[in-house]
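Enquirer: Supplied in structure tokens, the structure appears directly below.
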Amino acid sequence: MSPTSGAVLVFNAGSSSLKYQLVQPADGTVLAEGIAERIGDTGSSMTHEQNGETVTETLQLDDHLAAVRRAERFFADNGTDLADAGLSAVGHRVVHGGRSFYEPTVVTPEVISEIERISPLAPLHNPANLVGILAAQELLPDVPSVAIFDTAFFHGLPDASATYAIDRAVADEHAIRRYGFHGTSHEYVSGRVAEFLDRDPASLNQIVLHLGNGASASAIAGGQPIDTSMGMTPLEGLVMGTRSGDIDPGLVLHLNRVANLSVGEIDTLLNKRSGLRGLCGENDFRAITELMESGDDAARRAFDVYIHRLRRYLGAYAFALGRVDAITFTAGVGENSAVVRCCALAGLEGFGIVVDEERNAVRSKAARRISADGSAVEVLVVPTNEELAIARQSAAVVGG
Ligand code: AMP
């Protein structure tokens, strides 16, 4: 049997980027991966890794279809004819499922129309995801496309945590509720936590901290999320790389009425020029840590605000859960920044949370425990793998 037989090609299309990975869902083997950046802009580039070799190319990519076509040729150069590779599915990350989608969904023309209809809920993301779907369908018409929604895991959030306290009629008319995002990651990581601890997921109360450039926290009781920090959009919640997270909504009104910023300008301010970047000019924790070490006050404040917000959510979720069995860090910052993990949980011994300094300092790509022996709450670092989760869910829905 060919190594690609039954594999899933996973696409994660952003507004100007396209990440892809060819993965075997059964054992998680990554057969190839790549990324196209600055699509539709000058200086677009693509990187493709396969058979232990990495090729980077600067080329003109006018649209996502051009990137998918170039990816197909990269595969062909490595001896993989995608159309004839026995793929079970192409799995697509779709950011917003709105009220319509909360299961892995085989893409049909009706599904495409519905994703288009709900795109105003995620104007930065869903249209790009759709372009990725259409490009993949054009290239691989015989392979089923499956949409995996970032909101799906949080579909069953209790009403009390999903509901904004605004006029009910307005909320209903405009599909306003807390949807939550990064669901594929929170679901995958919380499942891995149960495996790592060799516990039945139904018996565990967990807090998962997905700390990447975007960041979110979730409280999960017995495998079901009961709260999450992102809301109607991915802007709510934790301080992020370039997003503000929680702010007083009155601030938006003030920016408009007093600072004379348009809605579009406020959107850009809160999504792209806020968070760590807004506070200190950097959104990468490696740079922020270096700046702090050199005595930079703005970087120190950005770090402190980030940690303060994180601890506020930890406290809230601990009370929402009533008992916490495990706190898990994941994604770029969570997996790599020992100082963030340490500061997030410092001084919480009274709550049964004790981080072991040496374990926390170890750098590793494996799931690991960083709590001290005897800590009542397990503290873990578990690498997320959204591509594998998408591949598994896609293969499962097409019967692969
Ligand atoms: P993600 O969105 O999950 O890819 O995470 C990206 C973020 O992870 C970057 O913006 C960095 O802030 C952070 N990051 C990645 N590697 C490291 C590292 N070695 N140390 C600290 N932060 C890191």
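Glycine too: its Cβ is placed from the backbone N, Cα and C atoms.
A TrEMBL annotation is a machine prediction, not a hand-curated record.
According to TrEMBL, the feature Mg(2+) binding site maps to ASN12, GLU386. Taken from TrEMBL, the feature ATP binding site covers LYS19, HIS210, LEU211, GLY212, ASN213, GLY214, ASP284, PHE285, ARG286, GLY332, VAL333, GLY334, GLU335, ASN336. Look at TrEMBL and you will find ARG93 tagged as substrate binding site. The active site, proton donor/acceptor feature in TrEMBL is assigned to ASP150. The site 'Transition state stabilizer' annotation in TrEMBL covers HIS182, ARG243.
Can you tell me where each of these features sits in this structure?
Expert: Within the same chain, the residues at least 6 positions away from ASN12 (Mg(2+) binding site) whose Cβ sits under 8 Å from its Cβ are LEU18, LYS19, TYR20, HIS92, ARG93, GLY132, GLU386, GLU387, ILE390, listed in sequence order.
ARG286 (ATP binding site) carries a helical DSSP state (H, G or I).
Neighbours of ARG93 (substrate binding site), defined as other CB atoms within 10 A of its CB across all chains, total 22.
Cβ neighbour count for ASP150 (active site, proton donor/acceptor): 25 (other Cβ atoms within 10 Å of its Cβ, all protein chains included).
The C-beta environment of HIS182 (site 'Transition state stabilizer'), restricted to residues of the same chain at least 6 apart in sequence and closer than 8 Å, consists of ASP150, HIS210, GLY214, SER216, MET230, PRO234.
In sequence order, GLY214, PRO234, LEU235, LEU270, ASN271, LYS272, SER274, GLY275 are the residues near ARG243 (site 'Transition state stabilizer'), counting only same-chain partners six or more apart with C-beta under 8 A.
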Enquirer: Run through the Cβ atoms and count how many others sit within 10 Å of the one on ASP284 (ATP binding site).
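Expert: Counting Cβ neighbours of ASP284 (ATP binding site) within 10 Å gives 14.
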Enquirer: Among ASN12, HIS182, LEU211, ARG286, please name the recorded positions whose Cβ is nearer than 6 Å to ligand 1.
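Expert: The ones that qualify, in sequence order, are ARG286.
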Enquirer: Ranked by the number of other Cβ atoms within 10 Å of their own Cβ, which of the binding-site residues GLU335, GLU386 ranks first?
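Expert: Counting every other Cβ within 10 Å of each candidate, the maximum falls on GLU386.
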Enquirer: Any idea which of the binding-site residues LYS19, ARG286 has the thinnest Cβ neighbourhood at 10 Å?
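Expert: Among the binding-site residues LYS19, ARG286, the sparsest Cβ neighbourhood within 10 Å belongs to ARG286.
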